[in-house]
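Engineer: Can you read through this structure? Questions will come right after.
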Amino acid sequence: MLLLYLAISTCLYSTVHSSTFDENAWRKILKAHNDFRSKIAKGDFVSKSEKLPPATNMNRLRWNSQYGDVASKRAERLSEDCELVHHSGHYTENIWQGGVTNPAEEGLTAIAAFASEFQKGVWDLKWSPDMGHAANMARGDLESVGCGYTRCTKDGFELSIVLCLYYPPAGEPAYKKGQTCSECSDGFSCEKKIGLCLDRNATEIDTRGEDTSDVQVRFLLNQILDIDEKNQVMSILAYMDYHWNDYKLKWDPKMFGGIRDVRFSGDDDASFKLWRPDVLLFNSVSESFDSTYSSRFIVSSNGDVQQNPPGIFRFICQIDVTYYPFDRQTCFLKLGSWTYNGQYINLDFLLREIIGLHGKPIIVEPERSSTNSASYFVNESIDLQVYLQNGEWDLEGTPGKRVVQKFGTDEYHELYFYIHIRRRTLAYGINLIIPSLVISMMTILGFTLPPDACEKITLETTVLLSVIFFLQMVSNTSPPQSQSVPILAAFFSCCLMLVACSCVFTVLTLSLHHRKPETHEMSPTMRKIFIDWLPYILCMCKPDHPKTPKPKVLGKSIAPIHRLSTIPMLNLPRVSQTQFPDRSVFVYHEVPAIIKNTSRICSELLIIEKDIEKMVNKIEEDSKEEMLRSEWRFAAMAVDRLCLYVFSAFITVITCGLIVPHIIANL
């Protein structure tokens with residue numbers, strides 16, 4: 001409210017020429033103020049005829065340049081009528097009017113005039129109209145002063161007006177009696193030589209209002225809502241916690257019924273607005289960009305302002321899918337002021353104890369570099385006291401860093417809140433990994449079926465379609481990028497290649513199995529590889545196939561011929577074995593006593609011999625053809641067995657190389 005009032009006042013008086021004290025003048029005026037206060041603090045100031053009691057809490061004043069500008073503009077406003085009229089508002093104000101000399105002398109004369117009011121009577125440490133200016137200067141809790149002057153003409157005489165404003169604007173009407181500077185406020189130390197309380201971190205000039213505002217940020221993560229891998233966007237529910245101090249919003253609770261904090265609306269359409277730092281999420285992808293709720297401001301009597309806006313944050317997160325679904329991701333939120341550089345807003349972490357993982361309290365300590373102390377790293381940057389576990393992701397860490405970057409001559413402060421997460425693999429193991437392993441085993445199972453089974457090629461084709469389906473599922477859940485390929489997609493791609501190769505080798509096996517001697521002839525090289533070497537390497541037993549039939553086999557297969565006709569067989573010459581040098585055929589005759597028609601018998605025997613020869617040739621051809629067919633079938637069996645071993649080894653290597661290490665690492 002005071003800042004708004006100050007801004008309005010500055011705008012109202014911006015058209016009036018202001019007269020501000022130069023450095024030499026304001027230093028003299030500031031010294032005069034502190035000399036006056038030092039005498040009171042040490043008990044050396046005489047009011048009327050009595051010394052005022054010493055002060056326990058008298059602060060040394062600093063010069064407030066912004067108050068000086070406003071005082072100059074107010075003084076210019078008074079010059080229109082050349083009358084001393086106090087402004088109603090939120091400032092502690094002293095006004096003096098006198099003759100014109102030079103600005104420094106006029107300022108010192110005004111201070112002396114204010115102090116002389118204590119000579120009108122003995123001051124009882126209470127504010128009174130007769131001693132109001134002196135009482136304003138003697139307030140113990142004052143911290144800074146700013147003065148301005150102007151010229152005016154009254155009744156033909158040129159006069160000077162000096163106006164001083166004091167900070168804080170409202171407080172105790174006097175000071176506390178007691179031992180000199182024995183009760184200095186926090187952050188102040190006693191300067192015994194002058195008897196005043198000195199701000200340890202202050203300089204002689206108070207530039208508050210135009211200098212840096214310290215804004216501290218705390219981030220409370222409530223829940224990880226979603227991670228859109230395809231669009232590379234992370235959504236979380238979180239609460240922001242902003243802290244800063246507005247020196248114009250201080251008050252003394254004792255003067256306002258013990259009220260120590262006040263709440264103000266944070267809505268944009270509120271009738272009364274407070275300033276808030278324009279800290280935004282730089283990597284936001286929300287439609288409104290700033291997705292936080294405008295919560296109320298909590299203002300404390302010491303000027304501290306706190307705002308805790310909740311919001312659903314959607315921001316860019318570069319997803320690395322190389323090890324999907326065994327991946328770990330690192331996302332970050334980048335916060336910074338949108339319009340103010342580091343000269344106006346000193347953005348920093350709220351360095352205090354937070355709740356980390358597993359509910360452990362952690363004291364946030366910055367790790368600063370030796371080259372740039374303004375930038376630093378913290379191991380934990382996000383408070384997890386309200387965090388709820390996500391079903392898909394495990395939170396592993398929340399480090400952060402503060403970065404001070406230069407753009408041209410200006411410095412900008414940025415805060416990075418990192419979120420380290422790891423994907424939970426149970427659902428993926430049940431829905432993708434285990435089915436893929438089972439399907440891969442089905443590929444091996446196909447090579448155990450007999451080559452003449454019709455379901456062999458059907459099984460391999462079905463497995464191929466299944467792998468394509470799972471690969472499509474992985475591609476639908478992974479972001480389309482060319483920088484990396486998910487390890488699960490690589491696994492399915494390898495399985496796809498193996499199954500495709502298994503289909504090719506299954507076709508080759510069936511082709512070998514169904515080859516015939518009349519259409520294909522096995523070359524010596526092929527026979528050497530598939531009949532001799534490969535079965536030996538695979539420890540397969542080769543069946544024994546004789547190249548020529550043995551005599552006993554033919555003898556057993558052809559029964560003795562007995563001619564039981566009425567033709568006389570006497571004196572028939574015996575058919576010797578030498579007449580059939582290439583065959584072992586034994587024909588036995590029963591020779592009757594009387595032989596008739598010998599020529600007819602011989603012709604019939606020749607016919608029988610030809611028939612027998614045809615039968616023997618047919619048996620030999622069938623045996624040879626069956627032997628050649630069995631060789632092709634045996635070659636197909638050897639190829640099938642080779643594929644069984646090779647594909648089993650490949651599937652084992654792929655599974656152990658791509659999947660198993662990550663499964664073990666995630667246990």
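Glycine is no exception: its Cβ is also placed from the backbone N, Cα and C atoms.
Owing to the predicted nature of the structure, the values given are computational and were not obtained by experimental measurement.
So TrEMBL lists these for the protein:
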SIGNAL    1-18  signal peptide
DOMAIN    24-171  domain 'SCP'
TRANSMEM  426-445  transmembrane segment
TRANSMEM  457-475  transmembrane segment
TRANSMEM  487-512  transmembrane segment
TRANSMEM  642-664  transmembrane segment
Engineer: Could you give the residue numbers and ranges of same-chain residues that sit at least 6 residues beyond the transmembrane segment (487-512) on either side and whose C-beta is under 8 angstroms from one of its C-beta atoms?
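Structural biologist: Residues 322-326, 428, 432-433, 436, 439-440, 443, 446-447, 451, 456-457, 460-461, 463-464, 467-468, 470-471, 474-475, 478, 632-633, 635-636, 639-640, 643, 647, 650-651, 654-655, 658-659, 662 contact the transmembrane segment (487-512) from elsewhere in the chain.
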Engineer: So which residues does the transmembrane segment (457-475) touch in its own chain, when a touch means Cβ under 8 Å and the partner is 6 or more beyond its ends?
Structural biologist: 324, 432, 435-436, 439, 442-443, 445-446, 449, 486, 488-489, 492-493, 495-496, 499-500, 502-503, 506-507, 510
Engineer: Give me the DSSP three-state residue breakdown of the domain 'SCP' (24-171), ordered helix, strand, coil.
Structural biologist: 59 helix, 39 strand, 50 coil
Engineer: Give the mean pLDDT for the domain 'SCP' (24-171) on the 0 to 100 scale.
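Structural biologist: When the pLDDT values over the domain 'SCP' (24-171) are averaged, the result is 87.
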